[in-house]
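In what follows, a structure is listed as structure tokens, so that the remarks can point back to it.
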Amino acid sequence: MPMTNLLLLIVPILIAMAFLMLTERKILGYMQLRKGPNIVGPYGLLQPFADAMKLFTKEPLKPSTSTITLYITAPTLALTIALLLWTPLPMPNPLVNLNLGLLFILATSSLAVYSILWSGWASNSNYALIGALRAVAQTISYEVTLAIILLSTLLMSGSFNLSTLVTTQEHLWLILPTWPLAMMWFISTLAETNRTPFDLTEGESELVSGFNIEYAAGPFALFFMAEYMNIIMMNTLTATIFLGATYNTHSPELYTTYFVTKALLLTSLFLWIRTAYPRFRYDQLMHLLWKNFLPLTLASLMWYISMPTTISSIPPQT
């Protein structure tokens, strides 16, 4: 039974990831006044499967100067972590109901840095190494604000459990009282997933493709799959934390429908930002975090800690 549950979680994620790639290419096409993929299958719907077939049947070339063990391990680790992050998410019931679900997500997403670092270093290429170092600095930096924003929201729910967060928002979405935090969270998730305007790691004009430049065929596809799964996961987490839907025990399907709709709308916002915004300069990226986001999130954390004390109560406890 646990194996069936695992497959029922993984297969829809893989399908969603495949069609997210197609949707992105279609949106990019229409925004640039062209069609996008429209040859394979009706309206190009089978394009992701054709791409997968092509990539996984090609020979995975390895640079002769690369460190083979890490070079092969890195993409596998990236995909494993991307799938592992989904286990505590309530949709409406999580695969594993962890008491410290949010802490687990934060800790596991930090491990994704290693796959990027290994791939950049093991490729033995200057472009890959510079891309990897940028990605690591960016990811570690933005995780600081993500953690502080999470702490602020947890002070309102009183638990690290994601299901409790959903219960907290039965009467009011957390995005309304904490909209500055929600805005900073959304921008930080863009940086965390290395998306435009923070895709410095894959700056085509500077680094060709970034940390995955030496990868081809299957391993290259694994990196792409991990990236798009992380995008969907981050938006799903955003929907859970700030746009929690009321869970009705009589109709769990309704919860799932609302929940997925919110996650899809947030994901489409990611794609729209990709088409509309130019890339940040690296110093601007770090300036935004350390000089703007960090002081603001720390100030808001102090506010959410002091408020219950000021009104002679304690934070909610569950």
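Think of each number as a place in line: the chain as shown, counted from 1.
The backbone N, Cα and C atoms fix where each Cβ goes, glycine too.
Here Swiss-Prot flags 2-22, 68-88, 100-120, 146-166, 171-191, 213-233, 253-273, 285-305 as transmembrane segment, drawing on sequence analysis.
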Open item on the list: Please determine whether the transmembrane segment (213-233) and the transmembrane segment (285-305) are in contact (criterion: at least three Cβ-Cβ distances under 8 Å, sequence separation 6 or more).
Closed with: no
Task: Maximum Cβ pairs under 8 Å to the transmembrane segment (171-191) - stretch from the list 2-22, 100-120, 285-305 - done: 285-305
Task: Same-chain residue ranges lying at least 6 outside the transmembrane segment (100-120) that approach it to Cβ under 8 Å - done: 70-71, 73-75, 77-78, 81-82, 84-85, 87-89, 94, 128-133, 135-136, 139-140, 143, 146-147, 150, 154, 160-163, 165, 192, 201, 211-212, 215, 223, 226, 230, 237
